[in-house]
Amino acid sequence: MNNLIKSKLELLPTSPGCYIHKDKNGTIIYVGKAKNLRNRVRSYFRGSHDTKTEALVSEIVDFEFIVTESNIEALLLEINLIKENKPKYNIMLKDDKSYPFIKITNERYPRLIITRQVKKDGGLYFGPYPDVGAANEIKRLLDRIFPFRKCTNPPSKVCFYYHIGQCMAHTICKKDEAYFKSMAQEVSDFLKGQDDKIIDDLKSKMAVAAQSMEFERAAEYRDLIQAIGTLRTKQRVMAKDLQNRDVFGYYVDKGWMCVQVFFVRQGKLIERDVNLFPYFNDPDEDFLTYVGQFYQEKSHLVPNEVLIPQDIDEEAVKALVDSKILKPQRGEKKQLVNLAIKNARVSLEQKFNLLEKSVEKTQGAIENLGRLLQIPTPVRIESFDNSNIMGTSPVSAMVVFVNGKPSKKDYRKYKIKTVVGPDDYASMREVIRRRYGRVQREALTPPDLIVIDGGQGQVNIAKQVIQEELGLDIPIAGLQKNDKHQTHELLFGDPLEVVDLSRNSQEFFLLQRIQDEVHRFAITFHRQLRSKNSFSSQLDGIDGLGPKRKQNLMRHFKSLTKIKEASVDEIVEVGVPRVVAEAVQRKLNPQGEALPQVAEERVDYQTEGNHNEP
């Protein structure tokens, strides 16, 4: 705590208000509210805190405060300050998720559309729906029943929808406005759950069609009735009064809060909104902040009622939401709030369970591996593999795992420079010498463990270079594969021995992932190099076609076959002079001969870890 903060802490009033924490750059990193500014702000700089609060406090170099007349005024100010400044430590509805609505437009001849924007334009809005797929499903059903116009600008001729019975083509059939308003009312009734009349009408039409032996049309009516029934079953009735309401529940544990919002429309639970985030203040105060942001940021209609838990300040919510606010004591409304709270608890428990499993797969795996090999926990593991075909285009690759996860920015690729022919041991010697010679020269941080994709011979070569040539003390292990090319044994120690490692353990799965990844990276690099070399050999000896133009051709056409099939004009468009383009075509198409198979391979010059060690 610096002297500026110490001085300001002495000046804090006991009034309600907002406080604003800033970092060394003057950036606002957190906005909070308090009933008593002095007590709240001082609490950040006294005593111990959990990890997330310690992280916040470590960045605070200054703070400001704004006094308000009441705690509710402080709440409203806090929400506006968060919206304006977007502090990184505050609760933020970052995705600004907007839900789809079905809308009947306020036009002379109305349309039925899906929108995410609710406007005061006289249109009728129904929703929100959980996603655009659910909204489209209902709209498709409505389109089959109600022939609203589909075109934004009505055409002079009838459209496709007219021919399939989904548009009245009002410019031709001359239905009056009253007809369409009546149809809009039927849709409104349907979306409010009053669909019995529509089903009765469809049943009557189905019976008439069947009596007239129009069986295809009768089947269409039957399918519509079944579709309505299916839609009904998907929407569970949660309240008998068929009202629209949002139901809030929250749960806190281990410094995290989960808020669940149930969207109940016409008594049916149609969707829920789930948000999990760390909290820094009293849970009920951070919950109020969330509610304020929810209705300020979300594009969704405020319902007739909002149900909240018992421990929340009802008057504060009323200041945030222009709706009837209830804290139900009993009955089905109380059950709805309890259900939202229960779901919030389950969601938070699932988050912690997933975190524990993730730690078990990564941090737990490297800790167990360290104990098994009797070395410090191998936070950073570097693994090597070689790749060549009969000694051609020999390469090696290194992948890096940090805390049990791949760190692709640290991957490295090596072209073998000193080895002639297929000599895996010599290739391993070269790449280990190059990598750790550089680590030694540039004082880079060495890994905690080196894993060689290979058996005893490759591991011993690596040991010779690391320990005898370079004098480094880095543990080295080897991963042997079986005859099915699967991870089989872990070799470690001096002399090397097979480590007793359970094939069902997380540490074995980690080593398996490392071996698979380094093999993938090495073989991918080898294929790229081999294809590139084949490409170069095919175009060698053409005057005016240097390395840069060859590379441009490959980037544009992707393969020799595509270049061979291209016209001279198309090659010229890549920046190759016409005389050179003609020479390329003559070289690649001598009397119509076919190109070798390898020319079909594509080359991608942009891969992860696209770095070559010296």
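Glycine is no exception: its Cβ is also placed from the backbone N, Cα and C atoms.
The compositional bias 'Basic and acidic residues' feature in Swiss-Prot is assigned to 599-614.
Across the range of the domain 'GIY-YIG' (14-91), the DSSP-based residue counts are 31 helix, 19 strand, 28 coil. The feature domain 'GIY-YIG' is assigned by Swiss-Prot to 14-91, with sequence analysis given as support.
For 196-231, the entry in Swiss-Prot reads domain 'UVR', with the evidence type sequence analysis. Within its own chain, the domain 'UVR' (196-231) is flanked in space by residues 137-138, 141, 144-145, 186, 189-190, which lie at least six positions past its ends and keep a Cβ under 8 Å from the stretch.
The region 'Disordered' annotation in Swiss-Prot covers 595-614.
Per-residue pLDDT, averaged along the domain 'GIY-YIG' (14-91), amounts to 88 for this model.
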